[in-house]
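This is the structure I want to talk about, given as C-alpha cells.
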C-alpha cells in the first residue's frame with residue numbers, strides 16, 4: 001500500500017496488509033479472553049475476596065473502562081497528525097504499561113486485608129490502557145480502504161486472529177486457573193500446584209509480552225504510514241467541534257439502532273462467558289472439563305468465522321446476524337436442562353458459531369454506519385473515533401452492569417467463597433444466568449435489530465454515492481492545484 005495522502009484507498013488490500021492489521025488485535029484478545037472467562041472465579045476462589053467485593057471490582061472496572069472510551073476518543077480527535085498518523089502513536093505508547101498492569105491484575109499480594117483495593121486499582125488501570133489501544137485500533141479499519149468489500153475482508157481477518165488470540169489466552173489461563181482453583185477448591189488434590197495461584201499472571205504475561213513485541217511491528221505496517229485524511233470530506237471545510245460532532249453521531253438512527261441491538265447481545269454473551277466456569281464447576285459437575293469446553297467453543301468460533309464471512313457476503317449482514325446469534329439460544333438451554341459431558345461438548349461446538357457471529361458482525365456493520373453518516377453529513381469529517389469509542393462505551397457499560405448484578409445475585413443466593421459445593425439457590429441462580437437471562441437479552445437485541453435500516457440495497461447505494469463524492473473531490477483538488 002502506498003504512502004502519504006495520495007494513497008489509493010480504492011485499490012485491493014494485499015494479503016500481507018490484512019494479516020498485519022489482523023495480528024495487531026490478537027495480543028489484546030489474549031488478555032481479554034482470560035479476564036472474560038476466568039477473572040470472576042479467580043477473584044472468588046483463588047484471590048478469595050467475597051462475592052460483593054468481586055462484584056464491585058468487575059462492575060466498577062467495566063464501568064471505568066466504558067467511561068474512558070469516549071474520553072480516549074475525544075483526545076484522539078484532538079491529537080495532532082504525526083509521521084505515523086494519528087492513531088498508531090496511541091497503540092504503541094500504551095503497550096508497555098498495559099503489560100505491567102495485566103501482570104499485577106493476576107498477582108495475589110501477600111496481604112489479605114487490602115486485596116479488594118489492589119484488584120480494583122489494577123483492573124481500572126488495565127481497562128484504561130486497553131481502551132487506549134482498542135479505540136484507535138478499531139477506528140483504523142476506516143483508513144484501510146474505501147471499498148466496503150475490502151474492509152469487510154480485513155475485518156474477517158481481524159476477527160479470525162482475535163479469536164485465535166482468545167483461544168491462546170483461554171488455553172494458557174484456563175490451565176493455570178484450573179490447577180490453582182482445583183487446589184484451593186478441593187485440597188485433597190495434589191498440592192504441588194499450590195504455587196500456581198501467584199504465578200498465573202507471570203505465566204500468561206510471558207506470552208503477552210512476546211505477542212506485544214510483534215504487535216509493535218505488525219501495527220506499524222498495517223496501513224499507510226500516514227493515514228489518509230478523510231477521502232470524502234471537502235478539504236476546505238474545517239473540522240467541527242467535538243460536542244457538535246457528538247450530537248450529530250448520537251442523532252444518527254442507524255448507529256443508535258445497531259449499538260442498542262448489540263448492546264443487549266453483548267450483555268448476553270458476557271453473562272455466559274463470565275458465569276460459564278462457575279456453572280460447570282457448581283451446577284453441572286463438569287469442573288474437570290471446563291477449560292477444555294472453553295477451548296472447544298473458541299476452536300469452533302475460529303473455524304466458523306470464514307463461514308460467516310461467506311454467509312454475510314452471500315445473504316447480507318443483517319440476515320447473518322439473525323442466523324448466527326439465534327443459534328446459541330436452544331443450545332444454552334439444552335445445557336441447563338441436560339448437564340452432562342457429551343451435551344456440554346455439543347453445546348460448545350454449536351455455541352462457537354454464535355460467538356463468531358457476535359464478534360464479526362458488529363465490527364463489519366459499523367463501517368457501513370459510518371459510511372451512511374458520511375453520506376448524510378458530507379461536510380463533517382474525522383469522527384471515526386467517536387463512532388467506535390461510544391459503541392464500545394455503551395457495550396462495556398452494559399456488560400459491567402450485568403457482571404455486577406450477576407455477582408450480587410450469587411451473593412444474595414448464598415455463594416460460599418472457597419467451598420467445595422454451593423447451596424441449591426446458587427445452583428439455580430447459575431442456571432438462570434447461563435440460560436434464561438441470556439436468551440431474554442438476545443431476543444431483545446434481535447427485536448431492535450429488526451429496525452436496522454441499512455439493508456444490502458442501501459449499503460450498495462451508499463457505496464456508489466460515496467464513490468461519486470470522492471471523484472468530485474479529486475476533480476476539485478486538481479482544479480485547485482491548477483488555480
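Note that the numbers count up from 1, one per residue, in the order the chain is shown.
The backbone N, Cα and C atoms fix where each Cβ goes, glycine too.
TrEMBL annotations: computationally assigned, not manually curated.
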May I ask you to indicate which of 24-44, 45-65, 66-86, 87-107 is given in TrEMBL as transmembrane segment?
87-107
Look up transmembrane segment in TrEMBL and report which of 217-235, 236-254, 255-273 it refers to.
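Spelled out, TrEMBL records transmembrane segment over residues 255-273, not the other listed ranges.
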Match it up for me: which of 344-364, 407-427 does TrEMBL list as transmembrane segment?
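So the range that TrEMBL calls transmembrane segment is 344-364.
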Test the contact criterion for the transmembrane segment (119-144) and the transmembrane segment (319-338): 3 or more CB pairs under 8 Å, pairs 6 or more apart in sequence, then answer yes or no.
no
Is the transmembrane segment (293-312) packed against any residues at least 6 beyond its ends, judged by a Cβ distance under 8 Å, and which are they?
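Sequence-distant neighbours of the transmembrane segment (293-312): 33, 37, 152-153, 156, 159-160, 163-164, 166-167, 170-171, 174, 276-277, 280, 286, 319-320, 323-324, 344-345, 348-353, 355-357, 359-361, 364.
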Using a Cβ-Cβ cut-off of under 8 Å, list the residues of the same chain that are 6+ residues beyond the ends of the transmembrane segment (385-405) and lie near it.
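Residues packing against the transmembrane segment (385-405) from afar: 40, 55-56, 58-63, 65-67, 69-70, 72-74, 76-77, 131, 134-136, 138-139, 242, 245-246, 249-250, 255, 258-260, 262-264, 266-267, 270-271, 274, 362, 366, 369-370, 373.
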Need a quick answer: max count of Cβ pairs under 8 Å to the transmembrane segment (344-364), which of 87-107, 255-273, 319-338 is it?
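Between the stretches 87-107, 255-273, 319-338, 319-338 has the largest tally.
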